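In what follows, a single structure is set out as structure tokens and then discussed.
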Amino acid sequence: MLCCALFTESWYSASLCCVVPPGCPWLWDNLTCWQPARVGEVVVVSCPELFIQFMSEEDDELGKVSRNCTEDGWSETFPHYVDACMFDEPNGTHEHPDMYYVSVKALYTVGYSTSLVSLCTAMVILCRFRKLHCTRNFIHMNLFVSFILRAISVFIKDGVLYAEEDSNHCFLHTVECKVVMVFFHYCVLSNYFWLFIEGLYLFTLLVETFFPERRYFYWYTIIGWGTPTICVVIWAVLRLHFDDIGCWDMNDNAGIWWVIKGPVLASIMINFVLFIGIIIILVQKLQSPDIGGNESSIYLCTTECRQPKCVRLARSTLLLIPLFGIHYTVFAFSPEDVSKRERLVFELGLGSFQGFVVAVLYCFLNGEVQSEIKRKWRSWTVNRYFAVDLKHRHPSLASSGVNGGTQLSILSKSSSQIRMSSLQPTQSNPNLPNP
């Protein structure tokens, strides 16, 4: 069932299991759900969709496999899945699909784990230092939370739905797994919407002269967390009434699936437009006489151009790509049956590291964050130094329970009093020169 986990995560659909009157009981063979049939009946099904990854481009449709319902039960598949659903490589060998999906799953597990650790660390840093509390960082923090929830939801989904490789997916339709799928879709939608809000905030900041950030942040919060709630609730109600089959991890009903897929594509498209608009604004600002640029130095990164301007524009562009999720536009509007293998690797494998990249760029490498950490480190070092120094020079203060910070304040007050007393004779004698 690993393939089902990957397809669910990457917005693909697969065939659902159905139940019809008895004969031979319905059967799940870890690849296909076989409907019940009467004795003597032959059931023919298409190859599972996962085999599309391993078909030649000349094949227009999937192959067929069949089973015969006998008095002794189901017969073996004819032809075998490997013979009917896979094509020969030039060397005459078959590529096994399980190894491919195991590799993709291992890749995105490492990616989400790395992102989860780095994002939690970034959240602690931004929450710990009060000087970093501003609207921009509040938006970053909400984006970090959405990435954290997305990673957690992926791990929960894999743990609940696909903990056992031989789990009978035909019977998996508990309330627990449906709640997990609702939570998973909410986390993914929230992540896309907070990527959209990052783009909207930066674009508004560049366009508007007077920008009431606090009032706008209230609406950003409603859009980022409220809109996905509405979409997921509508999707869950429609699934419950019109497509309550299985664990809701398959999406055969395209109309209902567009309740989730539509807002995702809309956010990707709008963010791409905002990205282009912001790049144009950055080019215009670098082209402004106030910055000291000229028209040719902006568009041509050659030896004649001023290196800082080209580097600044290129760096700004590269920094915005992971923040806006621009890489999602590569496959966002292409048909779902095109380049599925590359799509899985790109969206699941590489996309799982997006949270890590965002945390590094907008927290660990942020100049304000680094300055605040250095300032706190210097303060802690000075306090520790004076605490140790006073412990050796004034044991009575150390034994009285006065901490290093209090001792430092005592020293500061005493030094200021000494400085004031030394200045008084100087001010009382006008014949002495001023310092």
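From the backbone N, Cα and C atoms, a Cβ is placed for every residue, glycine too.
Note: TrEMBL annotation is automatic and uncurated.
The domain 'G-protein coupled receptors family 2 profile 1' annotation in TrEMBL covers 24-89.
Residues or ranges marked as domain 'G-protein coupled receptors family 2 profile 2' by TrEMBL: 104-366.
The annotation signal peptide is assigned in TrEMBL to 1-17.
Outside the transmembrane segment (106-126) by six or more residues, the chain places 9, 132-133, 137, 140-141, 144-145, 147-148, 150-152, 154-155, 345, 348-356, 358-360, 362-364, 369, 373 with a CB less than 8 A from a CB of the stretch. For 106-126 (among others), the entry in TrEMBL reads transmembrane segment.
Annotation comment: TrEMBL describes 138-156 (among others) as transmembrane segment. Using a Cβ-Cβ cut-off under 8 Å and counting only residues 6 or more beyond its ends in the same chain, the transmembrane segment (138-156) has close neighbours at 9, 108, 112-113, 115-116, 119-120, 122-123, 126-127, 180, 183-184, 186-188, 190-191, 193-195, 197-198, 201, 217, 220-221, 224-225, 352, 354-355, 358-359, 362-363.
Nonlocal intrachain contacts for the transmembrane segment (192-211), taken as residues 6+ away from its ends with a CB within less than 8 angstroms of a stretch CB, comprise 135-136, 139-140, 142-143, 146, 220, 223-224, 227-228, 263-264, 267-268, 270-271, 274-275, 277-278, 281, 320, 323-325. The transmembrane segment annotation in TrEMBL covers 192-211 (among others).
Under 8 Å from some Cβ of the transmembrane segment (218-238) lie the Cβ atoms of residues 139, 142, 146, 178, 182, 185-186, 189-190, 193-194, 196-197, 200-201, 256, 259-260, 263, all in the same chain and six or more residues away from its ends. Annotation source TrEMBL lists transmembrane segment at 218-238 (among others).
Distant neighbours of the transmembrane segment (258-283): 11, 185, 188-189, 192-193, 195-196, 199-200, 202-203, 206-207, 227-228, 231-232, 234-235, 238, 298-299, 313, 316-317, 320-321, 324-326, 328-329, 332-333; these residues of the same chain sit at least 6 beyond its ends, with a Cβ under 8 Å from one of its Cβ atoms. The annotation transmembrane segment is assigned in TrEMBL to 258-283 (among others).
What TrEMBL lists as transmembrane segment is 316-333 (among others).
What TrEMBL lists as transmembrane segment is 345-365 (among others).
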Reported mean pLDDT - the domain 'G-protein coupled receptors family 2 profile 1' (24-89): 73
